[in-house]
Structure formats: C-alpha cells, structure tokens
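S.K.: Structure incoming, see below.
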Amino acid sequence: MEGVDYLRDERSKAQFDVETMKVAWAGSPEAFLVCDRMAKLVANDPVFEKFSKPMLGRKELFKNTLRKTAHAWKLVNDLHLTEEEAKWLRHYIDEPSYTDLQWEMFVPALEGQGTEEQKKKWVPLAKTMQIIGTYAQTELGHGSNVQGLETTATFDRQSDEFVIHSPTLTSSKWWPGGLAKVTTHAIVYARLIIDGHFYGVHGFIVQLRSLEDHSPLPGITLGDIGMKFGHGTYNTMDNGVARFDRVRIPRDQMLMRVSQVTKEGKYMKSNVPRQLGYATMVSVRQTIVSDASKALSRAVCIATRYSAIRRQFGSRDGGPETQVLDYKTQQSRLFPLVASAFAFRFASDWLKLLYTDVKQRLEVNDFSTLPEVHACTAGFKSLTTAATAEGIEECRKLCGGHGYLISSGLPELFAFYVPACTYEGENVVMLLQVARFLVKTVSDLGNKQPVGTAAYLGRASLLVQKNCVVQTAEDWLNPIAILEAFEARAARMAVGCCQRLAEFKSPEEGFAELSSDLAEASLAHCQVIVVSTFIRRLQQDIPGRGVKQALEVLCNVYALFLLHKHQGDFLATGYLTPKQASLANDQLRTLYSKVRPNAIALVDSFNHTDHYLSSVLGRYDGNVYPKLYEAALKDPLNDSDIADGIHQYVQPILKQKLHSSKL
C-alpha cells in the first residue's frame, strides 16, 4: 500500500536519537544541512531520474549524462551554489561524468602545480567551464609506475616549444575520463627531454580540441576505450585513449611551480619544494576514503532494510515467518559492514584534519611527517576500497536472489565502485608502499622515535613480549585492551618481517620474496589506525540521546570482527591464547544482539534518499514486493506477450519445421 511505512515498527525500536546521529554521520550540523538540501534538490528534479538507465544503450547513456551534466551546471549558476554545494550536487546526481576529472583532478593539478601566472590564466577558464579538462597520466602500458611512462615532451629551443609525442602503441594515454569525446584540454604527463637528456616526468597543459567546432586538433588521435564492467556505471562516461604525433605546445604550458625550463633550454628547480604535491595526494586519498564510507553505507542500507522486510522459515502455528534480520548468520555478515561504514567515515574525517596539518607544515618547509602521511594515506586507500568492494558484494548476497536484480541497486553499485581498488594506485602496490615505511621505521627504532600513527612502534620491544590479560568476554569491551591487541599484532608482524629481511643478501631481494607477508603486516598497521581513530572519536563530546552508546557498540563490533577475521594473525604472533580469541567471539555475538534493535535507525542515519539508493529493496517505506513487481513489468521485454523472434526462431522448433525455416 502507498503511504504505509512497513518499517515503522523497526524504527520505533531505536535506542538513540536518529536526527542527532545524522549530524554525527555528516560531521557537523552545517555539513548535514548542505548534504540534505542537495540530496533533496536532486531527488525532486525529474531531469536526474535514474530508474530508466538500465534500458538505455551506450550512446543513449552517454547523451543522457551530457544532458544531466549541463542541467547541473545550470543549477550551479542559477542558484549561485558554493563549491561545497556543487560538489554534493554532483555526488547525489550519482552518475560518472566528464566533470569528475575536471573538478577532482584537472583544477587541483592547475592550482597545485601551476605558477601564479599559470593559475591566473588557466584556473578561471576551468572554473567557469570555458575549458573542460582531464588528467592524462595512465598509459596503455603503464599505470602505477609513473616513472615508466613513455609519452615524451621534447624541448625545441628554436621555436620555444615542447613537442608532445606518443612513440609507441603502449605510450597511448588510456583511461582518462572525458578524454574520448568531451574534454578540450588535458594535463598530459610526459618524459621531459632536453638535448637528449631525461629530466623526469612532468605535467603539460595540452589543448585537444577546437573550441569552435570541438574537432580534435591536428596530430591528436582520440577515441573511446570501449564498454566497461556493468551496464550503466562508468559506461555513462567517455573514458578515452589519446595519441600524439609531434604535437607542439608553448613552453609556458609546462606546469612550472616546482621546476622550469628556460627559453635557453636550461632545466631549473624553483625554491618551491616538490613535496608540496603531497598535500594534493592527501586530499585525493581523503576523498577516496570518504567515498568508500558513502558507497558501503548505501549497500548496507539496502541490505539492512530488505533483511527486515524479508521473512523466511521459522513460522509457528501458522504465524509469520522469521525476519531474515533476526538470524545470527545474517547479523554476523551484515552488522560488521554497518560498523565499517561508520569506521571509514570517521577515518575520512580524521584525514581531513591531517590534510590541514600537512598543508600548514609544508608552507613552512616542515617535511618531517611526510613519510608517515604518505604511508597512512596509501594504506587507508587500500584498506577501505578493498573492504568496501567486498562489502557491497556481500550485501548483494545477503539479499538473496533479488539482490542480483538491477532494480536492487546492488549490481550497479558494485560495478560503479570496484574500480576504486585499482585507480589512484593499485591496492597491493599501496600496501607495499606502506611496508617500506614500516621496515624503515622498525630499522630506525634505536636512533629515532616514531611519531603519529606509527608511535606505537616505539613500544615494539614491549609489545613483542607482552601478552593479553583479558580473562572474561566483558574485558573485550575495554578500548585499551582492544587497541593493545591490534598494536601488539601489528608490531610483531612488522618486527618479524624485518628480522626475516635481514637474512637476505640484498634488501630488494628480500622485499620481493616476502612481499605477501609485508602486505599483510601493512594491513595490520592500517587497521591499528582505523580502530584507534574510531576510539578517539568516542572520546570526544557526542551529543544526543543514546548516540554515543550506539557508536560505542559499533566500534566494538568493528574491532572484534576484525580480530575474529584475522585471529590467525593474533594467535600466530602469540599475543592471544585460543581461549581469549574465543571470549572475543562470545562478546561479538552479544554485541550483535545490541545492534539488532537499532539496525534500521542506524542505516536511516545515513539520510539517503530513495533516489540516491536507486533500489527497490532499500526503499525507505519498505514497500518492496509491489514495487519489485512494477519494476519488472517496465522491462521492454514485457511490452508484448509474444516477443520479437518467437515466430521466426521458436515456432519452427515447436512445429518440427526447423529444417525448412530461414534462420
């Protein structure tokens, strides 16, 4: 029935104030108001309708996205939206578009790597959309290894120009969003060559298309790289390929904030430290972690609401069957994912503070925290994206067969999110970067005290000897006991790797041989940081009836679930006994019972509109089955009772006339 809240009874069980929890999730009252306003603006605008997307072909999908993007830009100007409001508007439109690269990579690169003169010229053009840019770094043959890029930028002293060239097939720029059909400019990363000498990889502003008729400029070949995983998702965007045949650009279109090439062909480094680029890196990775929490929150919102509506088995005396959400097997798979969404959200909030700190330090040439910051952000990127991709797929399975339907919203969400595991750094490569930091930190313990997120390693000698003192299941509710367990496990794994590395003839040989162990040690280190960040968040003032208590339960669920999942590490390192691991699991089951009455209220706290979720199973009102039936009837295959092709290909089989039919 329309207008009926089928989840009303579930919402009445909430033991905390949902509206205050919404603010805790958003980060502040001001942030909540902005998000809420933009979400409703998009949901109530028919131009941004999403439910017909699965029925569209590739060209229709692309054109539809162009229409939505143009409408969004019109709203930004007509309503005089701030940059923050515009960012959330694009987020809730929920459709990959060429503007993603414009605002997330092209403009930040201009601002971070351009000189004051270059910024004065190019940034206003980009921010007013008089030019549309993309970020062309990845090539057909190289991704994570930036120093292996093959595109060249050779300086021609006579003409005072750079010659941009793709010398091989594998040097073709491959993947940049918007590159195939839309963008007019790109920041192209290429090998700087002066008089035959290589001076590293640098960024160059290259115009790709005529601003008059949008055709590719001479010497530039552009195209789309083809369909991607899923149906809608990134197939709404023209990820492209570009090849350059000796394309000339003015010398002043090399991004020259950190290093310059003079008219005479002299390569010079400015007094601006190259490490300034780390601030942009921290900002990008903070966004990735934040996006992980948002994507995971969508999946768990859908799965939790549907699990409360769905009933299977357990009927007694003809009464109703048991809600799927009441089964412990469902809770043990779903509730840790709810907790993870909150953990990642608070981790991204902490990364925002880290970004501010890094910027301030860099401005006064303080680079002391950069190695730790690089390791932390690389590790967070890997941990959160991998867990989120796995979590979305788990939520699909938690919804049973209906989760496989496009109308559930989960297949498309998975297809949309899973590229995060490889873009901006492949996840295992990211963990190995963390490993190098850990190895250096442990190796320097006698001379240098670690700080920040690695400070616990300063107590490594104690942590490798100390054993867990937990005696009861209730002891696992003590945040000190939880954090020490994670620190001891991570410290022992890091120290163990360093000891084994010392047995090899060369560090690189050892690193290659032990790379799997090092990646696992890095993951353990990153989990220490996420758990400690969650615990610190709970030490702050959190207003609202029952809000802090509900978050404390989720924090414990997150930590003890990880302990259970990785108990092999905790046992193998000798910190825990099997009995203590069993007590942790006992406490985890008790915690699931505490989450259960709050389950629907917790996912309501994400404040997701039905438009944003784009899921029949995750509807706010819980009216799943009638709407699922309606969605099925809208499929084009249901336009007629007898489908096209039946008479031509099926009837001849039924009538035993296949031999004489014209196939």
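Placed from the backbone N, Cα and C atoms, the Cβ positions cover glycine too.
Quick paste of what TrEMBL says about this protein:
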type: ACT_SITE; residues: Glu424; note: active site, proton acceptor
type: BINDING; residues: Thr138, Gly177; note: FAD binding site
type: DOMAIN; residues: 17-132; note: domain 'Acyl-coenzyme A oxidase N-terminal'
type: DOMAIN; residues: 278-439; note: domain 'Acyl-CoA oxidase C-alpha1'
type: DOMAIN; residues: 480-655; note: domain 'Acyl-CoA oxidase C-terminal'
S.K.: What are the helix, strand and coil residue counts for the domain 'Acyl-coenzyme A oxidase N-terminal' (17-132) according to DSSP?
M.R.: 89 helix, 0 strand, 27 coil
S.K.: Please report how many Å separate the Cα atom of Thr138 (FAD binding site) from that of Glu424 (active site, proton acceptor), as a whole number.
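M.R.: So the alpha carbons of Thr138 (FAD binding site) and Glu424 (active site, proton acceptor) sit roughly 10 Å from each other.
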S.K.: For the domain 'Acyl-CoA oxidase C-terminal' (480-655), what's the model's average pLDDT?
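M.R.: For the domain 'Acyl-CoA oxidase C-terminal' (480-655), the model's average pLDDT rounds to 95.
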S.K.: Roughly how many Å separate the Cα of the residue listed as 'active site, proton acceptor' from that of Gly177 (FAD binding site), to the nearest whole number?
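M.R.: Roughly 13 Å, rounded to the nearest whole number.
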S.K.: With every protein chain in view, what's the tally of Cβ atoms within 10 Å of the Cβ of Glu424 (active site, proton acceptor), excluding that atom itself?
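M.R.: Its Cβ shell of radius 10 Å holds 17 other Cβ atoms.
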S.K.: Return the count of C-beta atoms lying within 10 angstroms of the C-beta of Thr138 (FAD binding site), excluding that atom itself.
M.R.: 17
S.K.: If you count Cβ atoms within 10 Å of the Cβ of Gly177 (FAD binding site), leaving out that atom itself, what do you get?
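M.R.: The answer is 24.
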